[in-house]
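Undergrad: This is the structure I want to talk about, given as structure tokens.
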């Protein structure tokens, strides 16, 4: 049985002398050749050695029209010639595999081998493809362009970018507070609900990615080209707004870390509440301007910093797990001062004097002892000295009493309860998780209390003038879900790199789902570790006032809290740069599609 090979070669209109001026314009079509057929040998005895189809017009008189077709026979061979049919072009068969239908492109063996892991880490980038790159990838002209085959695999192209975008400021600044307020059980429920939402979204995105060819240009192009411009435009606008507000969130997170834990003296306005908000407005505007200038100068500089930001995130998370394990054998030294069952602000505990009074040697006795020592140098009789010990009030006394005298009038709750010190990080083996299992929702202005400690006059109201640690916001389960949910977003980072992936249909589903599973495990395990290692009053202390202004998650980190502080600062700055880079590119892609007419600038 003879095999047949068909070769179709479209040719420009000016090369066809039989075409009139009114013929359709074919010059804009590419001169790509599509070959399909069998490479089996043909037995000459079958009487049919070749059936060729080519696209060259005959210059003779009777073949001047494109519709003319002639069949020639001779010596057992049959040839079919047409103005579009000719087999005279001697083209290498392997050349056809470089130019084939896009639908079957992933089956062509035209890509180079995967480079080494070290080289890919050096060239790691987390930037989405913009409209310009997308157009260059899809545009086809008469001039042949050099095409660089995509090199990214599942690990570097999807998994790591998703990890970097999902892990963010919420993990370092607010997860401990969510655990302390909602309790371990409800916190696990919050994390599980949010992770399930992103998992369902990833499954839906994977269904689109595996249904045909994934276009270059990111998730917006993938959705709009698969589901139509209506769905694509709606999702793209929501994605753009979410990316923009995420950039603001990351910048504010970086400012909070800078002003509260790194350089507290840099605050322009002193105080709490409105003063802190004004500081964030000023420093946030400065940070936004600097980041915008960096993005404006060149995206390649942001790209070079991507690997550094990713390393900060990974090192910070590892230090949390290491600190939890070390706390089993050695408890970190973070004392918390308590008045009854109420938490005292650590900034007001001077010289670690968590007590009402201290015993000191009187000044007069010290003067007498000094004079006696001086006279002993000129005599052989040793001086006799009876020190006089007096009871003095501490710095905390002045906050609760009207004067530093011992007989001064003091607050009733202060008089009825004693001051005590507890360890803010009891450790993994302390069994503190039994106290942190249940929720402890507070209203704005409530004092953070430890229920296991005894106290009297609990109904006595706490004044804001006293150095307690107060709740700054009214909490509820719904509000905590809204605060935590941004920490599980960022799953589109892999699909945004669709044009750089070697096999997008395979890499996007696998990499995205694996990243969601990894981050979900980290979040769930972190909830359990925080509840099992940190005391509840420290967990509910949003800004770490009870531990003298330390970052709460940093108190658990090993070997130093500064690992978390510095790592979280750089990771939030990196996430902010990524948002400032990705949001304009996404809006540009929407404008190029002319979905919103006034956005398109000619």
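All positions are counted from 1 along the displayed chain.
Just so it is clear, glycine is given a Cβ too, placed from its N, Cα and C backbone atoms.
Reproduced below are the annotations present in TrEMBL:
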- 1-73: region 'Disordered' (REGION)
- 1-10: compositional bias 'Polar residues' (COMPBIAS)
- 20-31: compositional bias 'Polar residues' (COMPBIAS)
- 153-173: transmembrane segment (TRANSMEM)
- 158-329: domain 'Amino acid permease/ SLC12A' (DOMAIN)
- 185-210: transmembrane segment (TRANSMEM)
- 231-262: transmembrane segment (TRANSMEM)
- 282-301: transmembrane segment (TRANSMEM)
- 308-329: transmembrane segment (TRANSMEM)
- 471-598: domain 'Amino acid permease/ SLC12A' (DOMAIN)
- 473-493: transmembrane segment (TRANSMEM)
- 514-539: transmembrane segment (TRANSMEM)
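Buried or exposed, and what's around them? Tell me for each listed feature.
TA: Counting same-chain residues at least six beyond the ends of the transmembrane segment (153-173), those with a Cβ under 8 angstroms from any Cβ of the stretch are 114, 117, 120-121, 124, 126, 249-250, 253-254, 256-257, 306, 309-310, 313, 316-317, 483-484, 486-497, 500-503, 506-508, 510-512, 514-516, 518-519, 522-523, 526, 551, 553, 564, 567-568, 571-572, 574-575, 578.
Below 8 angstroms of C-beta separation, residues 178-179, 219, 222-223, 226-227, 437-439, 477, 480-481, 484-485, 487-489, 491-492, 495, 498, 504-505, 508-509, 512-513, 516, 519-520, 523-524, 527-528, 531 of the same chain, each at least six residues beyond the ends of the transmembrane segment (185-210), sit close to that stretch.
Within the same chain, residues 168-169, 172-173, 219-221, 223-225, 276, 279-280, 283-284, 287-288, 291, 486, 489, 492, 543-544, 549-551, 554, 565-566, 568-569, 572-573, 575-576, 579-580, 582-583, 586-587, 589-590, 593, 595-596 sit at least 6 positions outside the transmembrane segment (231-262) and bring their C-beta atoms closer than 8 Å to a C-beta of that stretch.
Mean pLDDT, taken over the domain 'Amino acid permease/ SLC12A' (471-598), works out to 89 on the 0 to 100 scale.
Long-range contacts of the transmembrane segment (514-539) within the same chain: residues 158-159, 162-163, 166-167, 171, 175-177, 179-181, 183-184, 187-188, 191-192, 195, 198-199, 202, 317, 320-321, 323-324, 327, 334, 336, 338, 343, 422-428, 430, 432-433, 435-437, 440, 448-451, 469, 487-488, 491, 494, 546-547, 552-553, 555-556, each at least 6 residues beyond the stretch ends and with a Cβ under 8 Å from a Cβ of the stretch.
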Undergrad: For the transmembrane segment (282-301), give me same-chain residues lying six or more residues beyond its boundaries with a C-beta closer than 8 angstroms to one of its C-beta atoms, as numbers and ranges.
TA: 127, 248, 251-252, 254-255, 258-259, 268, 573, 576-577, 580-581
Undergrad: Residue counts in helix (H, G, I), strand (E, B) and coil for the domain 'Amino acid permease/ SLC12A' (471-598), per DSSP?
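TA: Going by DSSP assignments, the domain 'Amino acid permease/ SLC12A' (471-598) contains 97 helix, 1 strand, 30 coil.
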